[in-house]
């Protein structure tokens, strides 16, 4: 099959195809049983006739000369043909199912390989996010720019610092930083790890470490630090 869509279509039709083959096998089985029953009766009658003729002396009891009629032999051959047809149908049903199983195994292997590649990409992305050199920060204190980049000196200093999980509540770290590196957040530390920007354009701090503000992932929608959120509430109550 050329595509997964073709395979799905064939798989959906598989039960109907098997049912047709099983129905033919049941019909052949009934025909075979009836033919065998009739032939057994014919053979019994012929045997009884042979025994009577032997007893009456009409025929010589020579096993080489005593045999069933051509009709009985033909009927037996017919039963054998029916049995062969049943075996052929059973093999066709088996091959049909086996072919779909093999194709399904191939698609599952491809799917597993795709999942593995996606996991590798996701792992690489997480490593890139955890790397301090990829943090979004800046030494520019201008309020008009929200994207920040760290200086080369700060990046080198942060690379030497231990990795701190995002859920660590305390951000009081002894980081070897450049004295000219700008500081952020309530902890007044340099940028490291993942940080979030306050959506208040007049925020005095602007950027905050996830752990210092109790975040574990990027917030949805607008986010304000506690100072700006409190300021907005006081303005609304006036």
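Note that Cβ sites are derived from N, Cα and C of the backbone, with glycine treated the same way.
What TrEMBL says about a protein is an automatic prediction, not a curated fact.
Note that the structure is predicted; figures quoted are calculated from it, not measured.
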What range among 131-165, 166-200, 201-235 does TrEMBL describe as region 'Disordered'?
131-165
Listed recorded positions are 198, 203, 207; which of them have CA atoms within 10 A of the CA of residue 187 (Zn(2+) 1 binding site)?
none
Near residue 209 (Zn(2+) 1 binding site) in space, meaning Cα within 10 angstroms, which of the recorded positions do we find among 198, 199, 203, 225?
none
Listed recorded positions among 185, 195, 199, 212 whose Cα sits within 10 Å of residue 228 (Zn(2+) 2 binding site):
199
Sorry to bug you, but what's the C-alpha spacing from residue 203 (Zn(2+) 2 binding site) to residue 212 (Zn(2+) 1 binding site), rounded to the closest Å?
16
